[in-house]
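Data first, discussion second: the structure below is written as structure tokens.
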Amino acid sequence: RICDDSSIPFLRTPQLCPKGQDVCYKKTPIVKKFKWLQKKGCASSCPKNGFIKIFKIECCTKDNCI
């Protein structure tokens, strides 16, 4: 799998994911002024919010899908 791992919203930096990490994800803070703190990368499963939902989380299973 190839996923983007850039933390900058408009920049794409594709990376080859380690074996077993077949999900691409993007975590974006819900508060708009903190959107630049987004995190993208590879995972073995889609990350989840904790007790309080502070991130919008998107996941997919195709190369460069987010």
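Glycine is no exception: its Cβ is also placed from the backbone N, Cα and C atoms.
Here's what Swiss-Prot has on this protein:
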type: DISULFID; residues: C3-C24; note: disulfide bond
type: DISULFID; residues: C17-C42; note: disulfide bond
type: DISULFID; residues: C46-C59; note: disulfide bond
type: DISULFID; residues: C60-C65; note: disulfide bond
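A map of Swiss-Prot features onto the structure.
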residue	record	contacts (Cβ under 8 Å, 6+ apart)
C3	disulfide bond	P14, Q15, C17, C24, Y25, K40, G41, C42, D63, N64, C65, I66
C46	disulfide bond	V23, Y25, I57, C59
C60	disulfide bond	V23, C24, I66
Local Cβ density at C59 (disulfide bond) - other Cβ atoms counted within 10 Å: 15
Protein Cβ atoms within 10 Å of C17 (disulfide bond), excluding its own: 19
Position of peak Cβ density within 10 Å, selected from the disulfide-bonded residues C24, C42, C65: C24
DSSP-derived class (H/G/I helix, E/B strand, else coil) of C3 (disulfide bond): strand
Three-state secondary structure, which DSSP defines for C24 (disulfide bond): strand
